[in-house]
Amino acid sequence: IFPCIFQAILIFCWVYVRKYQSRRESEVISTITAIFALAVALITSALLPVDIFLVSYMKNQNGTFKVWADANVSRQIEDTVLYGYYTLYSIILFCVFLWIPFVYFYYEEKEEDDGNTCSQVKTALKYTLGFITICAALLLIGAFVPLDIPNKKNSTEWEKVKLLFEEFGSSHGLTALSFSISSLTVIGMLAAITYTAYGMSALPLNLIKGTTSASYERLENTEDIEEVEQHLLRIKSKCRDGRPLSSRDRRTLQQLEERLRTLRRRERHLESIEKSWWTKFCEAIRPLKIVWGVFFIIVALLFTVSLFLSNLDKALHSAGFDSGFIILGTNLTNPLNMLLPVLQRVFPLDYILITTIVMYFIFTSMAGIRNMGIWFFWIRLYKIRRGKTRPQALLFLCMILLLIVLHTSYMIYSLAPQYVMYGSQKYLVQCWKLSDSHLFKWGVIVATCSQLGNIFRSLLYVILFSFNLDQCIVTRTYLFLHKFWFFSAAYYFGNWAFIAVFLIGLIVSCCKGKKSVIEGEVDDDDSDVSDDELSVYYQ
């Protein structure tokens, strides 16, 4: 099944990139880089449900390990998943800090200078060297800056340095990679706040509201063309007797001519869309789009309410900022935490839900980037348009998606922390009751590992209990999430910002009217030659 999934991901990435890239400016190297980076993003996001499934599949419903899942086999499975994370996260570091910047600067240099390829490569490497330096600094900080420094007054400097190398060797590079990935995850958090939060509100409402009619827009556009042409005739009539136009009239004339060219391009696009079979097909499946829009908005509200209650629980019951707002168990339940234990009873509904949420998070991020474009603070760098997206914009899009995917794991962890740690595992608790100063065995309880903290609190003052911590196998995802408490604190505040941006985007999307059927496809700075790039989509 995994080769089929991999092939499906590659086909989707190829179709997506080819759909949006410009035909006139497409380059083989940028196209391959965009497809590869997008595929890595989707494969990495799919690893979380696989990780949760594997730790759960090794145990029976009565809390015992399956016959084949002995200590060696379970360790091999854990190591395999861990090596999968090592590989994918290393590839992400390679793409973000080396390959994508190199291709981006190479293409930028190629546009400015069509001469020597060697000089273009040298210039691209020079700018990429800055990204490599940042990556190396993050790896060194994560590798040699310990979180827990033993307080030994008599220890020498050599012993302290030796301790650093011993900790680095014992972690097998996990801490260094985790610090680098966590640093990128903070940037991904900012991207998710900007793009994903807006996409979660805009995508469902756009599906529900639909677009305006092509024939109606064409009628309005024809009226605008006639109005602009009449205005042009009035201005040109002022110079029929040989008198020169004033500077104000010349500026107005130039603006009206540019406006007329844009309206005529819109007329050509609207005419193509009105006659295309794709428009007729979209009109036929309009009820299905409304159903999908309603489903997506329900998922978005479920996601947001669960995230709010989870963050509120941390605010009320965690140890505070110094602990990264981490809590053991759940005090305020949320809809997702309530739904997952119920779905665990019917295999594989809980995994389908987690996979749906992860994929929804990714596709709403893609929708948010597509609708907003690429921004640097208040400056709009690139637009994402069908058949007209520049290679640099596609590279930026894929880099942003890579960063958002890194933040996806923590977002899911925030919604259902115990489930992400343990999945649907069960474990056995040996219960002992204290009576007349004597202990006697009270019974054995089969409990869910995801409710471990709550079991502790409920049994602590009634009975004594004992169990082996090895009964609950932690997912490998968790090892990358909470190595550094200050990152967890940043994610906590980022969740509040995510909720706020989602609510603002929801209000804005509700107040906006229907989108144009050619939304973002015709701009004033487009050339007439670029009109041919979209014609292939509307035949």
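Even glycines carry a Cβ here, placed using N, Cα and C.
Per TrEMBL, these features apply:
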- 246-273: coiled coil (COILED)
- 28-48: transmembrane segment (TRANSMEM)
- 83-107: transmembrane segment (TRANSMEM)
- 127-147: transmembrane segment (TRANSMEM)
- 174-198: transmembrane segment (TRANSMEM)
- 290-309: transmembrane segment (TRANSMEM)
- 351-381: transmembrane segment (TRANSMEM)
- 393-413: transmembrane segment (TRANSMEM)
- 442-464: transmembrane segment (TRANSMEM)
- 484-508: transmembrane segment (TRANSMEM)
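Remark: the transmembrane segment (28-48) makes no contact with the transmembrane segment (174-198), by the rule of 3 or more CB pairs under 8 A. Only pairs six or more apart in sequence are counted, and the transmembrane segment (83-107) with the transmembrane segment (290-309) gives fewer than three Cβ pairs under 8 Å, not enough to call it a contact. Residues belonging to the coiled coil (246-273) score a mean pLDDT of 83 in the model. Counting Cβ pairs under 8 Å to the transmembrane segment (484-508), the stretch among 174-198, 290-309, 393-413 with the most such contacts is 174-198. Sequence-distant contacts of the transmembrane segment (393-413), counting only residues of its own chain at least 6 positions beyond either end whose CB sits under 8 Å from a CB of the stretch, comprise 17, 20-21, 30-31, 33-34, 37-38, 40-42, 44-45, 48, 92, 95-96, 100, 103-104, 107, 181, 184-185, 187-189, 191-192, 195-196, 307, 354, 357-358, 361-362, 365-366, 369, 373-374, 381-384, 420-421, 477-478, 480-481, 491, 495, 498.
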